[in-house]
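Working notes, structure below.
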Amino acid sequence: MTAIKKKKRVSKKSKTAWRKYSDINDVEEFLEDQRLEERLGKFDTKPDEELFVLDTHGDDKPEEKPDVKPEIKPLSAKQRKRALLSETPKCFEVLLPTSKVQDPNAKRNHVKPVGSKPSDLSKITKQRKLVKGVLAKKVEDIKKNKKIVAERRKKIKSIRKTYDKNIWGDDVLEAKSIPETLVDEFISPEAQLHNVPTTKRLRSKPALPKSVVTRKSVEVPHPGVSYNPSFKEHQELLQEVVQHEQKMMKREAHLHRVTTGMFSKVTPKEKENQWREEMSAGLPQPHDPTTDPDSEPSDNEYKAINPPVKNKKKDHKARRKQRERIAERERLKQEKINKKKITDIYKLRKIQSSLANKEKLSAELRSKRATKRAAREATAPPALSARKPPAREPEFVDPEQLTGDLRNLSNTTNLLKERFESLQRRGALAASKIMMKKKRKLKSYFKSGHKVTEKDIERYVNRDVGKK
Amino acid sequence: MVAKKKKKYSSGEGAQFITRKAALKKLQLTLKDFRRICILKGIYPREPRNRKRAQKGAGGIKTLYHTKDIKFLLHEPIIWKLRELKVFQQKIRKARAMREYQKMKKYFRDYPEINIDHIVKERYPTFIDALRDLDDCLTLCFLFSTFPSLKKVPPDQSLLCRRLTVEFMHAVIAAKALRKVFVSVKGYYYQAELEGQTITWIVPHHFSFQPQSKDEVDFKIMSTFVEFYIMMLGFVNFKLYHSLNLVYPPKLTAAFNADADKDLVDERAYVAERIAAMNISVAKIAGANEVEELPEIDIFNTEDTDPQKLEEAKLEAEKVKKLKTMFKGLKFFINREVPREPLVFIIRCFGGEVSWDRDHFVGATFDESDESIAYQIVDRPRMDKQYLSRYYIQPQWVFDSVNARTLLPINKYLMGAVLPPHLSPFVDKTKDQVYIPPEERELNDPNFKPLNEDDASDEDIEEASDEDNEEKEEDSEDAEAVLTKQYQQEVEQDSQSEESEDDIDPQKKKIAKEKKKAMAVTTGVTHKEHPYQKEIEDKQAFRLREKLVRKKHRNLYKSMKAGQEKRKKEIWLLRKKRRLHDEKVKEDKKAKKQKQKMQMLEAASS
């Protein structure tokens, strides 16, 4: 019987156990290999000559050849030094990378190469060039080029002001950024649009807001704002202004009523008293005989302010009576309903007409409301921000200021402001408060050494006197 | 698996709108840049139907934008330009802080400019679209053209505004497109008709510049609007000039060249230059003919061939044609106290020639002493030296004539006269069913005969136009009848003469006579239309048509008709009252006169 070698079973339950018993030699070897490869370069990339040597003489020893040196002219010391110049110095070789592993930082900072600093030699050549006039020419060229560039830039800038093209020409397809090759009448528009690259495809802009489109930018003026208005039109305008003003006054009065007017005025003394009263509520007051409740003849019995409610039970008779009362009431109600049912049959036409009337009325009201809402929507300022755009105020000129001729016209309105508000009322701009920059307050003070006091002045004056 | 729960506001109105702050974040722009690009691209804040939902449950009122609008902005190449600008601004700021002014100057020189002409095309795909939206553009450009260089406004902007507005006015002059003028206290309202589009704009009165209070108007925003409008107006001008066969850019006076801008510091000198520039005619393209006059309106068989409407349209066209050449061949001289700019523009629009005092302003074309001047416009009560060969009128005559579309009688506008009111031409013509007293009618309609001149005209006023038409018809009928009579007489004479010539062969004559008898043509009776009969038929047809009004609109129609009747009645009543009153006044006057006469006679006799 062969002894069966018992396989040693090891538990690899925990992480440490797993690490302990699993064999990772092959993995480590592989990794080692890989690192080596990285360091020295891959085998399969290396040329054959580097890896293999062609064996030409087998095992026999090579013959000793007489050492015949080729005729090389020995270099001079200077030449040797020159040759060494291009090589990296020995002292720096340590700094060069030996391994073939690529630099993990692909973008290293640029270090100024050797020779960027002007050397003695380069200085000499530069001097020579300066004398020769090469550099002067270069400078001239640079100047000329700069001028050309500036001119071009200026030209580009001034193009803006020349407007020398018809943008509403017939190059409609180009405007949609369709490639030139496809702008042809034989290609269907669907195909053209299909072939526009997605990045160049124009997103369709949603329609403009209704208020921007429908509301007029330059409103038709009221005939009363003429510089020489007829009396009637001027009066009409005046009426409008009056109505507007009345509305404003009413509103102001309302605001006053619901805010400031809501609080009654009190004298400071009353206020003080009120405060005292409020603050001392619940505190033990000094006994005041006048405020005592009228003393009744007390019978020495305790009496609660709110005596407990007694649950007094009804007896059978009371209950029966109550039941009967309820039933009777119910019966009467039913009777009334039944009676009404019969009479309603005769009232049918009347009911119908009343219903119809009601419906008519409600329809009328509905239509009225709808028209009112539509009218309000057509003119109401759009709510685009927390601030409301200012309401349109009727323009009005005092009749005293109306001279009726162009010579003595006075400036009363601010057209720019009107334009700005018109834009807001049309919904092209959200109404906003212009934030003004606050001026920094500078604190001024005397430097302690430069302070001029009364004493100083006195002394100054006295000095003059003393001189004399 | 349960489907993933839909997040709130990921669809519907909540997803449709985006707050301004979110938009800024999405576009990675500052508020300043965002405002600018929104104005340039024509993107406006929105008002949602349900604000609560649109703001994703947040309270208050936030400025909302359409999400699609913002996505549309994302593709705008200008956004990259704006980011580039930001770098420049930072550099400039830094240079200023470091007091490196040389550098700062260089940065300012190289400051990149944003080209926005593609936006003009994008916002206004057709020329007509651009014209339709020109009101605001023109008003703002005219306004900015009066501004000096301000802190928040780029220096070249007001200059460019000046140039472009003058160019536009030249285009209007060349196209003879001006239709209405209204002088209000705010400024001059002009209305022009270009390519079938009515364009209204305001030109402020010329005052010296008044500084704006800073917290009223955001100059930065307004100047951004103007930045776009300048671009738009430039291209509109280009197109207009080309359609009018004019050379663009026109050679105006030296003040409008970009190089010469620094020479004109004086405001008044500048204004004079501008007006002078308007008084020269622009160059036409070589070999181009005069712009052909529009042919008369062709009548197309459209569905609603309402003869009345057609007639109205024809009349209107006729009037406009007359208006276009109203001042043709007339020479105007403007006194120096009169605002010249509007007058030069208007007079030149209708073909007149203008000049002014050569000593005071540049650009005068003829002297005051020129005998061919027809009108001299003055705004002063009297003048020492007056020429007999011309009329001295006040400027309002020009405005009122344009609005009336004829040359008004000048007696009310003579120098020193108290002017009649300047009425607005923009009143709604549809509200014609109101009583207008004859004095006012006279103002509006120069052809109207005032009623107190002769008694016969009194009754005519009541049924003004209807009767006129009828009369005309009768006249034409009469003329026709006369013509036919004449023709018949001639024919008879001819036949008589023939008879007298060939009485050689009696037999032949007899045969001929018989033949003639067989061939004889009896005189026809002209078909006479009974106007009354026709009226009845028309009325019946109208009633039939009335029946065709849909049930939906029937009530509306009825109420409209009832209203018309009511207003007609009111007018009739007021006119009657007026007539009775006038008659009474007249009789009283007569009686008084007679009484006076009697008294005089008595006094004489006694």
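Each residue, glycine too, has its Cβ placed from N, Cα and C.
Because TrEMBL annotations are produced automatically, they should be read as predictions rather than curated entries.
TrEMBL lists A:50-76 (among others) with the feature region 'Disordered'.
According to TrEMBL, the feature compositional bias 'Basic and acidic residues' maps to A:56-72 (among others).
Summarising the annotation, TrEMBL assigns region 'Disordered' to A:103-123 (among others). Packing against the region 'Disordered' (A:103-123) from elsewhere in the chain are residues 97: each is 6 or more residues past its ends and has a CB under 8 Å from a CB in it.
TrEMBL lists A:265-332 (among others) with the feature region 'Disordered'. Broken down by DSSP into helix, strand and coil, the region 'Disordered' (A:265-332) contains 32 helix, 0 strand, 36 coil.
Summarising the annotation, TrEMBL assigns compositional bias 'Basic and acidic residues' to A:267-279 (among others).
Sequence annotations record features per position, and here TrEMBL assigns compositional bias 'Basic residues' to A:310-323.
Nonlocal intrachain contacts for the region 'Disordered' (A:362-402), taken as residues 6+ away from its ends with a CB within less than 8 angstroms of a stretch CB, comprise 209, 211, 214, 221-222, 224-225, 227-229, 234, 237-238, 240-241, 244, 410, 412-413, 421, 424-425, 427, 429-433. Summarising the annotation, TrEMBL assigns region 'Disordered' to A:362-402 (among others).
Sequence annotations record features per position, and here TrEMBL assigns compositional bias 'Low complexity' to A:377-386.
Per DSSP, the secondary structure of the compositional bias 'Low complexity' (A:377-386) breaks down as 3 helix, 0 strand, 7 coil.
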